[in-house]
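Visitor: Here's the feature list from TrEMBL:
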| type | residues | note |
| --- | --- | --- |
| ACT_SITE | ASP205 | active site |
| ACT_SITE | HIS251 | active site |
| ACT_SITE | CYS360 | active site, amidino-cysteine intermediate |
Amino acid sequence: MTHPQLDLPTASVHSFDDFTRLREVVVGRADHYTAHDADPTWRLFYFENVAPHLADGQRQMPIPQQIVDELNEDVAGFADALAGCGVRVLRPASPGKDAEVSSPWWSSGATPPLNVRDNAIILGETIVETAPHIRGRIFENDHLKPHFTRYFEQGANWLSMPRPALAAGSLDTAYFDRQGIDVTAAMADEAALPIDGLGLEMVFDGAQCIRLGRDVLCNVANRNHQLAYRWLARNFPDLRLHRLPGIADNHVDSIVVPLRPGLMLLRSPQYLQFLPEAMRGWEAIYPPPSAVAEQDYDALGFVIPTASRYIDINVLSIDENTVVVNSLYPELIELLEQRGFTVVPVRHRHRRLFGGGHHCFTLDTVRDGGLEDYLAT
């Protein structure tokens, strides 16, 4: 079998924020996204969204081909839209087939490299591979290795957090415990083996960070995240890390999205208390309610919303005045246009079914901004 030749990077990585001019980006792909493998790590990660929809013990959840085809159409349209804005678009290597992954402790179905924001983060001129929460994603970054290798050859630094074993007992439930939420059902039917003496280990996603030049905000909701936060602090002493104390169970990019210095998209005022004091003075745009009805998937027999109902806040900035927004959220488009933004509407039909929006689908590797001090007081 032959595969199309990948476009390769043209420069080294340089990305300190999420809003200055975007030059080069990796857009994920959903080839062979035929099922969710709902092992305990998957159930716990998506617990707040999927718990009401999961039957006890249900592990394999096939995804109807119609949904997969439409997802691929929308992701391709997204990549084309970015290219039309003058952004160089890179794509991960194709999985080529449905795949199983395993370790001495567990086995799981592999997740395709769609939400590439999660397992890596660019901190300035360094690629950081993070430590996945979900077993099926443990080798996902292999699909990005052709690009990471070229970036390294062109001068980028390249680090990896310690790869988590994700054995039985590796994950901390403290975030849910503090709220009185019982997640024992998510951990039931655990077939993985434990590692004696290991306990909780480092686990963290790139989408738990908000990059603001010299400052990086990190959501730390449990012991797994705290270990990763310490790793980041030791490896990036020149950055100012800000610990967000459990603003969410994991990702934050459908809660707070900086649009430019001094202006952010914020889910609601209740989240201001979690932000650094200097950022609480920023102007906030609060997304309006959407009049678009939730899609009815009953006829297809597939109703597993892995993303929250706020996922359309997950916008991607091309520059400080241009932003990509789901075309199915006209209320937000209108609001941003009223604020002087140029909006690039891009369709994302099944936004709640695959754990991410346009920001999640991307890893922005080259932007114009540098080590700016956006949170100076």
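The backbone N, Cα and C atoms fix where each Cβ goes, glycine too.
Give me the lay of the land around each of these features.
Guide: Within the same chain, the residues at least 6 positions away from ASP205 (active site) whose Cβ sits under 8 Å from its Cβ are ARG117, ASP118, ASN119, THR130, PRO132, HIS133, ASN250, HIS251, listed in sequence order.
Taking all protein chains in view, 25 other C-beta atoms sit within 10 angstroms of the C-beta of HIS251 (active site).
The Cβ neighbour count for CYS360 (active site, amidino-cysteine intermediate), using a 10 Å radius and every protein chain shown, is 26.
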Visitor: According to DSSP, does HIS251 (active site) sit in a helix, a strand, or coil?
Guide: coil
Visitor: So, three-state DSSP: helix, strand or coil for CYS360 (active site, amidino-cysteine intermediate)?
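Guide: DSSP assigns CYS360 (active site, amidino-cysteine intermediate) to coil.
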